[in-house]
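Per TrEMBL, the features are as follows:
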| type | residues | note |
| --- | --- | --- |
| TRANSMEM | 12-31 | transmembrane segment |
| TRANSMEM | 104-127 | transmembrane segment |
| TRANSMEM | 142-160 | transmembrane segment |
| TRANSMEM | 167-187 | transmembrane segment |
| TRANSMEM | 199-230 | transmembrane segment |
| TRANSMEM | 242-262 | transmembrane segment |
| TRANSMEM | 350-368 | transmembrane segment |
| TRANSMEM | 380-400 | transmembrane segment |
| TRANSMEM | 406-423 | transmembrane segment |
| TRANSMEM | 430-452 | transmembrane segment |
Amino acid sequence: MTDPDHRRRVISTSAGLTLGGIVHLLILFNVSRDLGRTATSGFFSGVYELQARAFLDGRIAVPDGSMAIEGFIRHGVTYMYFPPWPALLRLPVLMTTHEFDGRLTLLSMGLAWIVFVVFAAKLVWWLHARITARTSVSRGEAVLVASFLAAASGGTFMTYDASLPWVYHEVYAWAIAAALGVLYWLLRVLTAPDWHSARWLGVFCFMAIGTRATAGWALCLTVIAVAAWFGIRRSTPARRQVWWAILLAGLVPLALSIAYNLHKFDHVYMFPLQDQVWTQVNAHRREALAANGGSITGLQFFPTAFHAYLWPSGIRFVDYFPWITLPARPPEALAGAFVDQAYRTGSATAFMPLFMLLQVVSTVVVFRPGASARLRVLRVPMIAAVLITGGVMAYGYFAARYASEFVPALVLGGAIGTVLVADRLRGRRVFPAVAVGMAVLATFSIVAQLSIGLSAAATSARGADLERYVRWQQSLSPDAQARLVTFSDSLADDGETDELRIAGDCDALYLNTGDAYEPWTTIQSRGEAARIRPDGRLRPGRVPLFRIAGTGDTAVLEVTDERQLRFVLTGEDGEYGANTFDFPPNGYADLNLRNLTQFGFYEITAVPSGPVGFLRSTRTDDDWHTWPARLEWLGNDSAARRVGVSLEHLTGLDMPLCSELAQQAGAGDGA
């Protein structure tokens, strides 16, 4: 390789990974500098720390109740169903400190991305040398590889996954990285088997099956099949010497996974959904299990999965920021399938068109009759990568993150296709047009993942992040946003996806998510307060002040037998009384309620007694759908006089964002 060739490789790789990496890291950090960022204020972002702590205590079971609805109760203890690799990765940190418990998910996902892009770069350049049988690199080839690497590093569903640093997406970050590592080392073993490649193949097989069992099983079984083939046809000295090492590379991780799952669930690879807490509390889950023979897997879900994950219409273009979104509604069940759950889901074909086109090219060329030996060797890894997707294609649960299952196959196929196109069109007049087309499609995929990543991060985080997102929308597409604004005190209707609903005189501002399980989320909610003044002699008793709509949770003023006052929070879990106090010199006391939307709780404080506690600002109906829960004023003058006080209902300050949206919507209507 000459110096110009080496320089072109370096520049191509650096440019592609930098462009894609900037977008990926923007999403991972949610346009912030918070290294400890979590999803939804820590919700399911510290799961692997729990498992790692259990390992350090010499057990696999996690603390009872720590997994909430995701826990599996077996033999009186709680297990998590996630495989252990990301937990093992945390052990060196957790063995030395507790400081980072619950805050390592983002860093872990960032490390997984680094592993992924390293192998994406190694893979495409290895394929270039393998397919073209040369080390020279033209400027045009370098440009195409840069486009491929930009799309790989920032234009796949791995970038969308980065928007939510929690266990569900961390699984896919490592599953994608590990799978691509397996595919790379499998190619190395197939073409030039040696001990070095076999060892690394085993490491990545362990990472793959230790992160996501469905992908790991597909890859480990493929490796075992390759080892068996080498063992049967020992046509070269390398095969005769290394076949058993390749066998161990697939067999040992598979055996460890089976033993681990048997210990927890008495099954070689499945987990018993009937033992999950969610199954115990959710009637629809139990109905889905009953309708599908005790599981939610089977070919009856394939038509729905194909439409959700592969149909070209699985994307949505709008005239307001961020302009590209997931489809407005979750996928509908097809062919009579009884689906467990379905969220808004994007199609790999629609969101990654460059990779899908390159996958078609590589499949046609590699699998055509008469393909050269240099190409035929690529068939096994391509088949293994497609087998990874088998889990979600027969699974009755649909979510955007499951489109990540297609990333390893599409990146492998995309790398092969990039090299084939670059080599075939090298020096031809059509090459510049093809290069521009690839760059445009790569840019589209990056922008599309950026768009849905920003939206997912903001909607999940709520609070200041969601307000910032709506502000961006207001700045970049004010007229289109104004058409999204509606006015109603009710959230009972389904509404329209991305609708901004204003309740009352900007008492609350809501966003329609488009999902069935939490149709509306609160952007802003005006604070409320109760002012209590003495009105005669204090007498023991209670006066209800506020209730959380749709629940039994209330905030109550109590006059004690000692003629002191205190605030009490009551609900299904009992009641909690704050500190007692006397009326201060200014002659009144205040109870203040503020909706901390990022946590989903009302923060309740009092003057002069200080913090009172928290009450949920959402409610869950019988179908486990979550809705915003507003405050209801219960203050009653006659009840107040009976205990010797008077009440005044106060509202908080105006919310500038809501007021501006209302004004813009009104101006638009007037025009």
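Cβ atoms are placed via backbone N, Cα and C, with glycine included.
All TrEMBL annotations are machine predictions without curation.
Within the same chain, residues 19-20, 23, 26-27, 140, 143-144, 147-148, 150-151, 154-157, 159-160, 163, 315, 322-326, 346, 351-355, 357, 400, 418, 421 sit at least 6 positions outside the transmembrane segment (430-452) and bring their C-beta atoms closer than 8 Å to a C-beta of that stretch. Listed by sequence, the residues of this chain that lie at least six past the ends of the transmembrane segment (199-230) yet keep a Cβ under 8 A from its Cβ atoms are 83-86, 88, 171-172, 174-175, 177-179, 181-183, 185-186, 188-190, 193, 239, 242-254, 256-257, 261, 269, 380-381, 383-384, 387-388, 390-392, 405, 408. The transmembrane segment (167-187) is in contact with the transmembrane segment (104-127), judged by 3+ CB-CB distances under 8 Å for residue pairs 6 or more apart in sequence. Tallying C-beta pairs under 8 angstroms between the transmembrane segment (12-31) and each of 104-127, 350-368, 406-423 places 104-127 first. Comparison of 104-127, 242-262, 350-368, 406-423 by number of C-beta pairs under 8 angstroms to the transmembrane segment (142-160) places 406-423 first. Count of Cβ pairs under 8 Å against the transmembrane segment (104-127): among 242-262, 350-368, 406-423, the largest is for 406-423.
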